[in-house]
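A.B. asks: Before anything else, here's the structure in question.
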Amino acid sequence: MRRVVRQSKFRHVFGQAVKNDQCYDDIRVSRVTWDSSFCAVNPKFVAIIVEASGGGAFLVLPLHKTGRIDKSYPTVCGHTGPVLDIDWCPHNDQVIASGSEDCTVMVWQIAENGLTLSLTEPVVVLEGHSKRVGIVAWHPTARNVLLSAGCDNVVIIWNVGTGEPLINLDDMHSDMIYNVSWNRNGSLICTASKDKKVRVIDPRKQEIVAEKDKAHEGARPMRAIFLSDGNIFTTGFSRMSERQLALWNPKNMEEPIALHEMDTSNGVLLPFYDPDTNIIYLCGKGDSSIRYFEITDESPYVHYLNTFSSKEPQRGMGFMPKRGLDVNKCEIARFFKLHERKCEPIIMTVPRKSDLFQDDLYPDTAGPEAALEAEEWFEGKNADPILISLKHGYIPGKNRDLKVVKKNILDNKPAANKKSDLITAPKKAVDTSNIQNEAKLDEILKELKSIKDTISNQDERISKLEQQMAKIAN
């Protein structure tokens, strides 16, 4: 007897949009023609790129701030051109990076309870791209390591803690980069490019490890992401403009492990991957549905599970990390769907009768603690994410402030162009004791200054009181 239906605990996953009063209303979502998700979410905040006159801006809302958002609500608005991509730091829920048409990457620190005034001063501005920056992606396990990719076909990896570019991959892509994805431990990246190639790159050795030409033959944009087992999942278009998805083994890119054709819609498919359940959710820009697939070791490897459909097309999509989900309701994914004027959360649930914690749905997941410091990663160390249990729900800890210690501002600017400097840069970065000493010195000087200011203020006050006493005595 052959089982007709494959058994899977995720076969009955269903999506449900929240009620209207739990949406974020009256938001003017950005109209920029760029295929990024326009939305980034973490357990504290939802950030949405919005229309802004005279520059680029994005909203940062505490998750609980649902309902109508006032037009005068403060934004993060330091860029001089439209913002194209945003990404929350996985190791600090109050730090977010943004890439913009103004050729810069900015890193922002958001206050514990959200914004009360518009934020115009980033913690650090990273300058090194000569054209607009359309992709920003934090390293999954090393603190303060940020990747950016621009329309100048260059990928730069920064040490945000010092504000320096440390790796510059400027001769690997001959055409526009559509997306970049880190692997599970952050030792490799994979990129999809307009020249129809999918590349697997070792950024520290600055070499291409694997490459596939014409992964998808169509001319429209592709996406490529790493899965937790090291395989690569891609979405793209066939020559007949049908949307395709494929699974590849980077050790042998000749033929895909699996290739499926889906439909003839022309929206770019944005893949969102959950490494804990091995489910991939595909959200097409301009579609009104989310399709989801389970990846397994048995043929056909990519198993269609179901489709969540709604009436309205999506302008963009945010994907909540696992630690932001409600484990008591068997919620395995939460999306934040952008409409033209609002953001609507969509909750994906596995139906279960029991109220107990379902440990088969929630294996230990990546926590907010970084496994490595930036300098260790640049020296060549690798580490898997530090996992946490969600058994009693996730309790956010205190985030430490992001401090940027610039070595010498004057040395910093030209570094982005000189390749020889970039390769030697990690050696400079190793000198962490100097950085810490400088930081301590700064703190002591600040404290001294504030004490001196207090003393001089008190002196003035004493002399005024003496004058008053003299007047009264006379």
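Heads up, the Cβ atoms here are built off N, Cα and C, so glycines get one too.
So TrEMBL lists the following for this protein:
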type	residues	note
COILED	441-468	coiled coil
DOMAIN	3-67	domain 'DUF1899'
REPEAT	76-118	repeat 'WD'
REPEAT	126-168	repeat 'WD'
REPEAT	170-211	repeat 'WD'
A.B. asks: Take the repeat 'WD' (126-168) and find every residue of the same chain, 6 or more past its ends, with a Cβ under 8 Å from one of its Cβ atoms.
C.D. replies: 34, 36, 81, 84-91, 97-107, 174-177, 179-182, 184-186, 189, 191, 193, 201, 203-204, 206, 366, 370-378, 382-386, 402-407, 412-413, 415-417, 419, 422, 425-426, 429, 435
A.B. asks: Please work out the helix, strand and coil residue numbers for the repeat 'WD' (76-118) from the DSSP assignment.
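C.D. replies: Grouping H, G, I as helix and E, B as strand yields 0 helix, 22 strand, 21 coil.
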A.B. asks: Can you tell me which parts of the same chain pack against the repeat 'WD' (76-118), counting only residues 6+ beyond its ends and a CB-CB cutoff under 8 A?
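C.D. replies: Apart from its flanks, the repeat 'WD' (76-118) reaches 30, 32, 34, 36, 39-45, 47, 49, 52, 55-62, 65, 124-127, 129-138, 140, 143, 146, 148, 150, 158, 160, 321, 366, 368-370, 396, 399-402, 404.
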A.B. asks: The repeat 'WD' (170-211): mean pLDDT?
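C.D. replies: A mean pLDDT of 95 is what the model gives the repeat 'WD' (170-211).
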